[in-house]
Ligand code: SF4
């Protein structure tokens, strides 16, 4: 080679390592997502997260007219020069490029082909008449077509709402942009590191995964300056269905659940409004109904008649393997277990303290008690092993429950029965207050078990609570700080407001339990508590407890995956 | 915070009884049956898009007619309604406890 020649930069047709046989092809849609936001593509492609939003539903609807596939679109060499052809819903892939694309519409004219991609909405009024993610997605289609030997120089975007077509030339700039996105996506997928969330971006409010990604929250916890926007804080549309009636039966009728007792329909609930089904005692669910619930990702939890959580039925489960792997890995590390456990115990003790302070009914101020709890809370952060932490938690519980009776309203009339609390006991609870506490805890375990699995965590592998057969250890861990805030506070509420009375209990063989009517009122109060709005102490926005649980569970996942340096425990003032 | 769900009145005129049944069944999954061919629904943006997509897939555009009327934010709206005969209650969302 002559010395004075400038070296020729050879273009590698496949800049990224050759695809191995088991590497999945990248869908064109995913390249679009990467161009929109790399984190979005990572969440969907690597972690298998998916959430429908109004935009995705409308998008699917826009595609329905083109979704009926055409068979036998001619191969590249078989197109006659003057033939005019249309093909719909054609899927093409290239192993060399490692790409797969679904073409809404393919038109052939004068020997050239033009892919047409359907978009919902109107043509954006910007310089290129289309946003880069859409142009890139179309260009992927062009690349794959060329790979199959077609002559393809441009594509079209069709905007359904304004019925406009926009031409997109596959020029060098766009091809570079596209290959860049393809390689970028491969790189982040292979690297196994989730890209940073966008900062205060107008894209996030429109992003269907905003509630999973938590961009502002993660940025904020990583030390960002901007206070989170309440983006992810949407309200749950769906709510639980409880069936505790003796001999209740749940079946499906069209789009609704029908609940009957002794063959008479007593209630129906639209499936779209159901977040989970809670079956207590001898409740029967028909198989078609159960299958449909699984298909719709609506979990069913099973409880003994007294509320003891037995287990739950879900469909095929969450796809986020990466998260579960991180969870298991962390759970084998003693120091991580200890760090997590310390934080949880401390938050719990703090919240117990707040509950005592807020609901105190005694004449004297319990200053000394509050100080002792505060000291125990701080001590828990210095615990050197789980055993010691357990001791501190026990000491705090003794202080807390030792004073719990002071939170309960007593009847002025001594002839009336009132609630008394001496010590905490369970299995079986021997007095009404303990029966209520046990029932409330089992409701909370169920809520957290569902919540943990819904975000992709394994509810049974914990850090503080060691795994034991059938015990949702992680749910028990994460619920610790919420015991006083949700369970104990609901118990106090129903007692002090007279929603549940001493006469609502049945006792047999030394154990005490709520009767059916009392339990129904208690469940309603518990759900009301979950629907109550609280201000998040870190993020400053208001959200329902129910939604807060989900955010906390997701933040815990972000911590396990190494995105956050610590898990931000929830405490109230 | 902006309203998340809106209350809608949905009324329809479907010329073919078979399609009418399908629309009726679908509507039962999205709202409360008020009277013949009239439903009230609480819908988020997503549910709204879903319902439109599904209805659009059932009806014949030249023969049938569906009206979806937005009455206002579901949590706060108090529609001024004169209801003779039966009582009219605005749809609320609550957990079901049986
Ligand atoms: S919410 Fe924002 S940062 Fe997160 S994936 Fe969506 S666009 Fe990206």
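Just so it is clear, glycine is given a Cβ too, placed from its N, Cα and C backbone atoms.
Binding of Mn(2+) is attributed by TrEMBL to A:393, A:465, and within the candidate set A:480, A:499 the record adds A:480 to that site. In the three-state DSSP scheme, residue A:393 (Mn(2+) binding site) falls into the helix class. Neighbour density for residue A:480 (Mn(2+) binding site): within 10 A of its CB lie 23 other CB atoms from the protein chains shown.
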